[in-house]
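When I checked Swiss-Prot for this same protein, it listed these features:
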BINDING   C48, C51, C55, C83  [4Fe-4S] cluster binding site
BINDING   K85, Q152, N177, C181, 214-221, 245-249, 264-266, M375, Q379, N485, 511-512, K534, D561, 721-730, N805, K822  Mo-bis(molybdopterin guanine dinucleotide) binding site
BINDING   W797  substrate binding site
DOMAIN    41-97  domain '4Fe-4S Mo/W bis-MGD-type'
SIGNAL    1-29  signal peptide
Amino acid sequence: MTLTRRDLIKAQAAATAAAAAGLPVSALAQPVTGGAEALRIRWSKAPCRFCGTGCGVMVGTRDGQVVATHGDTQAEVNRGLNCVKGYFLSKIMYGEDRLTTPLLRMKDGVYHKEGEFAPVSWDEAFDVMAAQAKRVLKEKGPKAVGMFGSGQWTIWEGYAASKLMRAGFRSNNLDPNARHCMASAATAFMRTFGMDEPMGCYDDFEAADAFVLWGSNMAEMHPILWSRLTDRRLSHEHVRVAVLSTFTHRSMDLADTPIIFRPGTDLAILNYIAHHIISTGRVNRDFVDRHTNFALGATDIGYGLRPEHQLQLAAKGAADAGAMTPTDFETFAALVSEYTLEKAAEISGVEPALLEELAELYADPDRKVMSLWTMGFNQHVRGVWANHMVYNLHLLTGKISEPGNSPFSLTGQPSACGTAREVGTFAHRLPADMVVTNPEHRAHAEEIWKLPAGLLPDWVGAHAVEQDRKLHDGEINFYWVQVNNNMQAAPNIDQETYPGYRNPENFIVVSDAYPTVTGRCADLVLPAAMWVEKEGAYGNAERRTHFWHQLVEAPGEARSDLWQLMEFSKRFTTDEVWPEEILSAAPAYRGKTLFEVLFANGSVDRFPASDVNPDHANHEAALFGFYPQKGLFEEYAAFGRGHGHDLAPFDTYHEVRGLRWPVVEGEETRWRYREGFDPYVKPGEGLRFYGKPDGRAVILGVPYEPPAESPDEEFGFWLVTGRVLEHWHSGSMTLRVPELYKAFPGAVCFMHPEDARSRGLNRGSEVRVISRRGEIRTRLETRGRNRMPRGVVFVPWFDASQLINKVTLDANDPISRQTDFKKCAVKIEAV
């Protein structure tokens, strides 16, 4: 409906009253920007499409098109602010080259691996796709099919994909691109606390006395949260900010303690801080004795490379990289005592005075500390260790699970938490922190999903890098990519990724809204609906689940990923994909389609299409005859309710600006594990890390170990990759926004001016960035936002014309299997 002036006055009055009472504010009760003209625009709430901050926006539609967006003034996360990408959200869906019909490689009228792309109908696309999947399943079985998903999937899209892969095709070869960004954080949360995701929330920004950024350029990558941090720093004189990075960036402008360290040496710095806390007598012994256990981690664990690589062959602890051996405080203290101030300074290249200043922020018992990190920590061959080490500091001092004391892992995708982690679309996970290797967890999933006992596979599937290797080696032959641009985002793409996509044994499907590098390497491209062209839900970094309605129609024949997954499932019967022993034991399932078993199962289809808000369209409900988003969400929510992952009823989320789980009796949780905030902590317990059977968190002792590859005489520079403010990930959306394209049209190589001069190069010189794996051409930048130390260069990865991941190394953390995009050796040569 369109807002009239009377509607607007009533809505704003309601908003004022609700805000005064501390109540959630409805989506209608919003100030409307733009004057009288805006009153002819229909406004609805949604979370932003970009990063994991989870900003709320108001989306304005008119005549079936998104015509404007503005920051949602009632959203707690951003309070009406947008970053530059959020400001241009209304343009991301309207690039001239939107995909509007399926495209199949064809020659002489039939599918051919070496054919040219030609438009086909959805029926023809699914016919060929199903035939290829059935061929592979029949010839090689479930381990030869795979899927690569996304932290940009909506919650129900990821959930439907997990059901189709695990229960339908009986394959755990399902992984999200969040493997490249959040796996180390998730793994360390589980190992330390027994549950995933931060215990704190964004309210910590208004309560902390110190902020320490570890490998996080928040000023560009999380600018809205940076604005909250900046406000706290500038309005309270006692607040301090420390920023640690391998080069100087915009977040350094606010730093009281700016620290530039050698790549990979943050591990030594972290152990030094732990030693400083212990040696100066600032351990909170009461907290440590009551709430923690100590362990030692396996060492010399390798670098996640192919088994035949010399570094893997030499690694003595690679066979059990995640092993943890119980120990005591004294043994832990002895380990970190080796990391004296002098040794940490020598390893890291940081001035001792700065390290001591940093350590005091954590050691001071009267100072509340919020640690913040993202890719610099997680994209690290010892990323799990780095995450553990920062938890060590908070646990040793008791600075955790209360306002202002918060180790906080930031996320880069809008639902890396809500979908990849909470739904469990990793190769080893099920919903609500359950895992495929646990027979009780599998049985629980089979019960909720109404499946025959013993159906779900017990083996851990291939992770992201391993999927590329298995495609390369012909071990995965049917592969579906949704909502990611893996051919641009994966490491070492020339040697590992591209050969797998073009392997003649393999059939590659890509679902996307725009042509991408990945799509150009596929055999079948399916046009996808974007953002508010479908009803959706995301979960952000502070455990906030946020819904939106479908507001416009997708162009042409583009369809949501949810529709694609559900519709494709109709092409298979249980007799074609399940083993005979399962069907013999459960004959009632014979002859049923996977759609009937997984989606028309009396649970997902129990809500009629008439439940859809009559003011909004729902393409999937109209086609399937029931409300699949509601059914999938309520079925999924059953995994977590009563188990510390409680979600509110489906309809509640359409009325509020998101709620932070666990949501118990209508109340969200801001700080987990702490009495008075968390309903799962009983009166008198004070604090309990209830993810662990004994309620205790783990303090892990591990050493500094060097990166997989370092500069040498031939390859004399460290290469760091990452993002810039104006573009998001591979640029497939932001490069199609004219204003963002003009602001930063192409990638450059940031270099120290003295390094350039010593090679006879200048700002703007065309150069080759060369590694042992590949090379690109780009131009030098010796000024501007990123100021490099000698011997380090930075190249962003958003530019498809400069595929910097031809150069990167496919080393990954042996525990989390997250890729290290921050450290490899390159040489720079003039063209």
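Using N, Cα and C of the backbone, Cβ positions are placed for all residues, glycine too.
Burial and contacts for the listed features, if you can.
Taking a C-beta cut-off of under 8 Å and a sequence gap of six or more, C55 ([4Fe-4S] cluster binding site) has these contacts in its own chain: P47, C48, G71, D72, A75, V77, N78, L81, N82, C83, G86, I224.
The secondary structure of V724 (Mo-bis(molybdopterin guanine dinucleotide) binding site), as reduced to three states from DSSP, is coil rather than helix or strand. For V724 (Mo-bis(molybdopterin guanine dinucleotide) binding site), the same-chain residues that are 6 or more apart in sequence and have a Cβ closer than 8 Å to its Cβ are E220, F744, R785, P796, F798.
Counting only residues at least six positions away in the same chain, the Cβ atoms of Q488, A489, T721, G722, R723, H729, S730, A747, I804, N805, F821 sit under 8 Å from the Cβ of W797 (substrate binding site).
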Counting by DSSP, what is the helix, strand and coil composition of the domain '4Fe-4S Mo/W bis-MGD-type' (41-97)?
7 helix, 20 strand, 30 coil
At the level of the C-alpha atoms, what whole-angstrom distance separates K534 (Mo-bis(molybdopterin guanine dinucleotide) binding site) and C51 ([4Fe-4S] cluster binding site)?
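Per the Cα atoms, K534 (Mo-bis(molybdopterin guanine dinucleotide) binding site) and C51 ([4Fe-4S] cluster binding site) stand 19 Å apart.
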Same-chain residues six or more away whose CB lies under 8 A from the CB of T248 (Mo-bis(molybdopterin guanine dinucleotide) binding site)?
P258, I260, N786, R787, M788, P789
Specify all same-chain residues, apart from the site residues C48, C51, C55, C83, whose Cβ lies within 8 angstroms of the center of the Cβ atoms of the [4Fe-4S] cluster site, ordered by sequence.
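Near the [4Fe-4S] cluster site, the remaining chain residues are F50, T53, G54, N78, N82, K85, G86, P223, I224.
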Going by Cα-Cα distance, pick out whichever of the binding-site residues K85, G215, M375 is nearest to C51 ([4Fe-4S] cluster binding site).
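Nearest by Cα distance to C51 ([4Fe-4S] cluster binding site): K85.
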